[in-house]
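As written in TrEMBL, here are the features:
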- ASP37: active site, proton acceptor (ACT_SITE)
- ASP175: active site, proton donor (ACT_SITE)
- SER10, HIS70, GLY146, PHE147, GLY148, GLY149, GLY177, GLY197, SER198: substrate binding site (BINDING)
- HIS35, ASP37, HIS70, ASP175: divalent metal cation binding site (BINDING)
Amino acid sequence: MAYMAKIGPSILSSNLACLGSECVRMMECGADYLHLDVMDGHFVPNLTFGHPMVECLRKSVGPDPFFDMHMMVSRPEQWVKPMSAAGANQYTFHLEATTNPGNLIKEIREAGMKVGLAIKPGTTVEELAPWANQIDMALVMTVEPGFGGQKFMDDMMPKVSWIRSQFPSLDIEVDGGVGPDTIHRCAEAGANMIVSGSAVIGNDDPRSVISLLRTVVSEAIQKRSLDR
């Protein structure tokens, strides 16, 4: 099994006036990576930040934290080079936002980043399948992208299970409403990269929440390897 449990706090849930120090705090609390939500006001109704903010964050936190860019934008091709130059490590684009996923995957690789491919709740997992062998990570949205604080969609778990069964070593990320109450379902379905916003960042003890999430996922991975 090539994959392992990784917990990535969604920094959009933090105090945006202190973003650099919040990123450092999350890493010190045991986060494996940082999940950065980029929204353009077109693909999703909300608007967040772009590559200048990412560049500032990279300078602030140094080279080590892994930046997983969740590009909720209508023209993902446009931002590949700027995000790479700003210090992004993984470029996760939405399948629904492009007409040429294969070309975009190639561009991201050539820019020196890992490739993530995301699908919204209304997109079938079969639409992602043709690209699964060309990507580093599949992101199954467990809420409608665009806003934090939504209720976890349990009916997305069969998508995760299907991807895990078909592509056993692929990193599979879940994002939206994931926390201590929902992590068991995500882990059992086969997710190993866990995005958690308010459940981690809004907690008085983020370290213990990150540790709990990681333990549940690690135990599920171990059980799956024993069951094979």
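Including glycine, each Cβ sits where the backbone N, Cα and C put it.
Given the structure is predicted, the values throughout are model-derived calculations rather than measurements.
Locations of recorded TrEMBL features on the structure.
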residue	record	contacts (Cβ under 8 Å, 6+ apart)
HIS35	divalent metal cation binding site	GLY8, PRO9, SER10, ILE11, ASP68, HIS70, ASP175, VAL195
ASP37	active site, proton acceptor	SER10, ILE11, LEU12, THR48, HIS70, MET72
GLY146	substrate binding site	MET39, VAL44, PRO45, ASN46, MET72
GLY177	substrate binding site	THR142, VAL143, GLN150, LYS151, PHE152, MET153
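Taking the mean position of the Cβ atoms of HIS35, ASP37, HIS70, ASP175 as the divalent metal cation site, the remaining residues of that chain whose Cβ falls within 8 Å of it are GLY8, SER10, LEU12, LEU36, ASP68, THR92, LEU139, VAL195.
Packing around SER198 (substrate binding site) is summarised by its Cβ count: 16 other Cβ atoms lie within 10 angstroms of its Cβ, all protein chains included. Other Cβ atoms within 10 Å of the Cβ of HIS70 (divalent metal cation binding site) number 27 in total over all chains.
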